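Taken straight from Swiss-Prot:
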- Asp57, His254, Asn290: divalent metal cation binding site (BINDING)
- 48-321: domain 'Pyruvate carboxyltransferase' (DOMAIN)
Amino acid sequence: MFFFLQLLVPIISVFQSKKHYYSTFIRCSISNRRPEYVPSKISDPKYVRIFDTTLRDGEQSPGATMTTKEKLDVARQLAKLGVDIIEAGFPASSEADFESVKLIAEEIGNNTDENGFVPVICGLSRCNKSDIDKAWEAVKYAKKPRVHTFIATSEIHMKYKLKMSREQVVEKARSMVAYARSLGCEDVEFSPEDAGRSDREFLYDILGEVIKAGATTLNIPDTVGYTVPSEFGQLITDIKANTPGIENVIISTHCQNDLGLSTANTLAGACAGARQLEVTINGIGERAGNASLEEVVMALKCRGEQVLGGLYTGINTQHIVPSSKMVEEYSGLQVQPHKAIVGANAFAHESGIHQDGMLKHKDTYEIISPDDVGLSRSNEAGIVLGKLSGRHALKSKMLELGYDIDGKELEDLFWRFKSVAEKKKKITDDDLIALMSDEVLQPNVYWKLGDVQIMCGSLGLSTATVKLINTDGQEHIACSVGTGPVDAAYKAVDLIVKVPITLLEYSMNAVTEGIDAIASTRVSICSIDRHTIMNGSTGQTIHRTFSGTGADMDVVISSVRAYIGALNKMLSYEKLVSRYSKPEDSVVV
């Protein structure tokens, strides 16, 4: 980290004075200022737009496939978080993705909050008419629609992937931006893919041409995470100084994390003049991921006034942790404990010296309050639930935790809660969140777990008998043997559902401490015979993967619930795809 700060010093030095740099620590402040949205300009030069691409770039992570319902839930949460632009997907990649983007544009893109805020809804497209038509058709229903189009500009991409000359690439970019504007889209973003490795003079030329064609935002991607902060900051500075018409558009950054520099590069870009930052929740994305929303936003919030030129965002940071947990749950990508801001250990202090300092004054070792990001310090405050608690108390507690549930969802959760409360003396917030995830935040249910019976030991193979219930209420029972109780149970499930499934990942952790802790299981599956897609950048064939989670005090039941959850997500995806295309159709992403 010290190395990163050294790299940032030349860039941020213009903003800081010795007085600020060595000033006493000041608690992070919350800013609610948000300038009126105009596509190509921002009235306050210190305001930075946050462009979230969790639903597009983030979902390209292996195992991160989300259902339409899950995407809508995430989009709603992003709107609560206050992100300026939601990149809802890549409409041309499949009809299923097109429908998801369209639904988000229709619902989230028209839901104005009490402050008059409604996010921009953006769809990605390659530089061709059919992609742009699809993107516009999907997002045009939003109050603030945007089309984001891209083409590669580095020599290696133009020569080997596009097989196009510089002149052809410039003309394609110019004409397609103009075409997007001709459809009636007044907000067009252009990205020169692999800008970090592109020739500077060529970059200035193509950016100048798309500005003349009507682009309102120019996104500068470090597509392979190759640059370092001083280098990326200089790139933004050079683009500002040498691109004709640059004063009439917004400069954006999109930094990948291949060298672990995405957050540092993003901040360097902001200090150099970028006023839109492209990020994802938890930093998820292809390969090593993207710049993390929570890291970028909290860095600006905590250090913006002192060393980052007063830059600020419109993010409601108290929704960061709920957003992180939702994306973690739906994507199946577990946040590592030491992850900055949202990791389980982010606010934990084990060292005796640190604990002593914290007890005397929290600011000794804590630069961010857990409350700033929506994390309660303790489960002890507020309503305490037990086996005698009723539905009203449960509903109130879940509302306190950020979950507004009613009707069947509340009823289903209540009976799971009562079942656990009979066996467990103390129900913690983490227990409730795990049960909520397992009982309510699940995809459409095609198969539901009825019963599981296990026989195992050291004398022979484990045996599992599993009862599943389908959507018609019919019970199906199968028995199988395996190398362990979980393996036997999974094989019994396979005998019932008759779908070829490959288990890719399996993990389990205790939600809380103690012998009576709830076990939370995560699995990732794929079907080798189907769901084959092609990566548009690499041309590689990829098997779409599906994740599931389960929670129970019994580790085998928790494991089976997770497996069935992943299976239901896969079947939901199959049903959605079958509405629009033949099962054998491949998808380009």
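Along the chain as shown, residues are numbered 1 onward.
Keep in mind that glycine also has a Cβ here, set from the backbone N, Cα and C atoms.
On the structure: features taken from Swiss-Prot.
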residue: Asp57; record: divalent metal cation binding site; DSSP class: coil
residue: His254; record: divalent metal cation binding site; DSSP class: strand
residue: Asn290; record: divalent metal cation binding site; DSSP class: strand
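Non-local neighbourhood of Asp57 (divalent metal cation binding site): Glu87, Thr280, Gly285, Glu286, Asn290, each in the same chain, at least six residues away, with C-beta under 8 Å from its C-beta. Here the Cβ of Asn290 (divalent metal cation binding site) has 30 other Cβ atoms within 10 Å, regardless of which shown protein chain they belong to. Across the domain 'Pyruvate carboxyltransferase' (48-321), the model assigns an average pLDDT of 96.
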